[in-house]
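K.L.:
I have a structure I would like to understand better, so I am pasting it below and will then ask my questions one at a time.
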Amino acid sequence: MVRSRAIPHNPINGERHGAQGAGEPWGGTMNVTEGALVERLPIATFVIDRDHRIAHWNDALADLTGVPAAAMIGTRDQWAPFYPYERPLMADLVVAGACQADIEAYYPDQSVRAVFQGGYEAEDYFPDLGKGPRWLHFTAVPLLDSDGVCAGAIQTLVDVTGRRAMETERLASQRQLTEIIEGNPVPTFVIDADHRVTHWNRACEVVMGIPAATMIGTKDQWRAFYPEPRPVMADLILARSKGAEYQKYYKHYRESSFIDGAFEAEGFFPHFPRGGRWLAFTAAPLHGVDGAIIGAIETLQDTTERKRAEVAYAESQRQLAEEKYRVLFDEMINALAVYEIVADDAGCPIDFRYLIVNPAFEAMTGLSGDGLQGRTFREINPPGIVSRVFERFARVALTGQPDSFEISTQGDGHHFDIRAFRPTEGELAVTVQDVSARRQAEVRLQLLASVFEHTQEGIIITNPDSEMIEVNDSFLRISGYSREELIGRRPNLLQSGQHGPEFYNAMWMALMEEGLWRGEVWNRRKTGEIYPQHLTISAVLDEHGHPSHYVGVVVDITAIKRHEAELDRIAHYDSLTGLPNRVLLNDRFRLAIAKARREHTRLAVCFLDVDGFKPVNDSYGHGAGDMLLIELAERFLLELRGDDTVARLGGDEFIILLADLRTEDDCIQILDRILATVSRPFAVAGHPVSVTASIGVTLFPTRATDIDTLMRQADQAMYKSKQTGKNSYFFYDDNQDAVAIEHHRMVHRFRQALAERELVLHYQPKVNMRSGRIMGAEALIRWHHPERGLLPPGEFLPAIENDAVIEDLGDWVVGEALRQVATWERAGLTVPISVNISPRHLQSPRFVERLERHLRDAGRLHQSCLEIEITETAAIHDLRHITRLIEECRALGVPSALDDFGTGYSSLTYLKLLPVHTLKIDKSFILDMARDAEDHAIVSGVIGLARAFDLIVIAEGVETTDHGLLLLALGCDFAQGYGIAPPMAADRFLEWARHWRPDPHWAAAGPGIAPADAFRMKGR
């Protein structure tokens, strides 16, 4: 759906154009019989009335969408099976009287077409339809009542996925054909069924000298070949001509032996644009998907040179049979040319005219003998060649003494051996042999010698008796020996003693059987240092297949081994504490389990989390936190035994494996020591710091035997330890599994509830008790459980608050709240809605991105239409992150409130740093403030803090008139609670807002401490 153009009304919410009566029942011309006909139509069809409610939803449509008629009749949800959000279908637009321009706003690229007055058709793609992704062609027409007024619309939907696929395939085939033709170096053109040229490739343009622009779309293909109109072979193919017709135009035509239905021919074209040319051409039919002939393709090949070569070859063969050089020409593999000596008046050679050349000469130079007839050496060869050889040729011509020399050509690096002699008076014969391969072999040998001397790898060459006969400088550097100390000695001089006889026996066995051995060897340098090397030994065989030499290539891998050791340390140990990481822990875990089984002992798996670590990080920085973790690791190692393992998983979490336990008391003694060592004070960055530990313990063997289960059980027990007061340990029991299973079941059921729209938002108003103004509403989740009825959040939120589904719920709540704001605005009520955001949702890396998307989708709403509420505990969990997040939300126009203030740390530092807009006093302080002096003092203090920090303050839990009076007296005008209104459904909220009046006692109350005057965005 395009958003750059909007229809000036909402077709689904009941607003209509035209003269239809608002709210009138169905009044169209469709009677019961016609309705039944719709139901039996094999085409997917639905009918809506003037109020956009579905009147008919036939079986074909139910089958297409997977949504039965019972779920749709009477609703306005016709959009739901097709789109993930509410938007009008074409029938809705027809009922709304939309013009074609309006409809194109919803279907901009779908070929919207008016079928007749008021009716339209189009096509669209639906990726999430019941039977899977589909292309649908749909037509919607109005249904008129007896007065000619639109009383509804009928829409049909036809699955055109197959046709679309065929069109896509056809277009792809056309593109592929075009790419093949245009990329073909062979001149090629194509005509369609009307004999019009559709393709005239670049090769055609070059060879024929006619640009494609003058040919495409015409029937003038004959102009490229003939002076008057006549069919080319492609035309005959397209006309399905018979043999006589082909014979009429092409005497030597033949059927292609490679392509069915194709014909080939060759002919001479005297009127060709580039002069008379011989052309060979092949034409073949082109078939459509149904097998019908839809055109023809013709390729051309200029065979003029071949024809000339054939004639020349025939003539040379005739001449060779008579000439004295016939045997020489037949037997020589070298190039040979015979020249007539052209001399000046003094008899000095000034040029050499070609008389005859052999086939080898033609092949080497690419020049034909016929083409050389009458031409001279100076004329044919470049000046660089002439200047280098002419004087030597002239000397042979004058003296009759043969000469031989070598020349090389610049650029391609070819080398030629030239031999010149005078066979008879007045003639010069020259043979040319390409010796490039021989010269390249010599260069390669020189290169190999250079590589041998300069490569970084050490190289040893031995004779069959394994005596070293050559070594390079790199091997001398690696081994530390001199050449004199090695030549004539055996390589066992270098052995380190690290390998036994079986190692060397296997090495020689591989050399004997395969001629190659490679592997790692520890050898000894002259200094006595033992070092690792990668060694490759190859056997060099003589012509009889026996080893003539052995070549060893040595790479010193000392640095690689050192690097591997470092990588192993990085891969298996925590970089901060030096403790084993998760990878090494798993290895130790497996060994410990195997040992416990073997020796019938017990193994304790302890999951340790440091209590109070985060405040250290927040107060003194991450560097202080790192120092604390390092000292903790050192203390653990001092308390544990040699066979025990302590590993850091990350953050402030550790796993401790206690091995060789006989009784549970053995484990408890060690755990007590660990708790004691953790709780001893630390000195971190000059600050005294105290932390404790929560430890979860599970024992092996139990019913759990795998590492993952034991880790999970220890993790669950650790959370139990935290719940029981921290600085403690807790042993896992099997009942925790049942609790975990029930938790997973609850999470799964809640996901289902979210998907099946069982959730609903209720709204509790926030008001100015003095003026009666409604300042906002807090969105509170409820679950319409099919069996248990309407559930409050306390029944399900605790079970899902640590699961990823809480993020999906938060996204849904934000979107639903924004939709409700828009609905209330249309009804004349402008009320911002605040939503509670869970700690996990706040930590989601894409929270702000998704919030921005929701705001963008909601369109134009009033300023600060949405507020997010963050609990005090969530805010201080990661102060830096939450501060940045609140700033980003504020930049989007979304203010933030600090909820349940007073129940957490309530630090002035946090209050100063957090850029919140509102403080909400927890209801636990409000309920007893009339009777409890401490609660009254806390409430008074929070109001004072809010005033000092220029914040709005809202009191939760106002249930009585006295609550309101006390708050007003303290300067708190804003409140919510059951004494004002309970949370209620959206429609009831609208009705309540119309009749709400404040308690008369509140309205009459005198002013207290001057409150903030209204909800507003504050820039701090």
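A Cβ is built for glycine as well, from the same backbone N, Cα and C atoms used for every other residue.
Heads up, TrEMBL stuff is auto-annotated, nobody curated it.
Grabbed the feature section from TrEMBL, which reads as follows:
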DOMAIN    37-74  domain 'PAS'
DOMAIN    173-237  domain 'PAS'
DOMAIN    263-315  domain 'PAC'
DOMAIN    444-489  domain 'PAS'
DOMAIN    517-569  domain 'PAC'
DOMAIN    601-734  domain 'GGDEF'
DOMAIN    743-997  domain 'EAL'
REGION    1-26  region 'Disordered'
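Situate these features within the shown structure.
P.N.:
For the domain 'PAS' (37-74), the predicted model reports an average pLDDT of 91.
Using DSSP to sort the residues of the domain 'PAC' (517-569) gives these counts of helix, strand and coil: 12 helix, 30 strand, 11 coil.
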K.L.:
With DSSP helix as H/G/I and strand as E/B, how many residues of the domain 'GGDEF' (601-734) fall in helix, strand and coil?
P.N.:
59 helix, 44 strand, 31 coil
K.L.:
For the domain 'PAC' (263-315), give the DSSP counts of helix residues, strand residues and coil residues.
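P.N.:
Secondary-structure composition of the domain 'PAC' (263-315): 12 helix, 28 strand, 13 coil.
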K.L.:
Using DSSP, how many residues in the domain 'PAS' (37-74) fall into helix, strand and coil?
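P.N.:
Secondary-structure composition of the domain 'PAS' (37-74): 14 helix, 10 strand, 14 coil.
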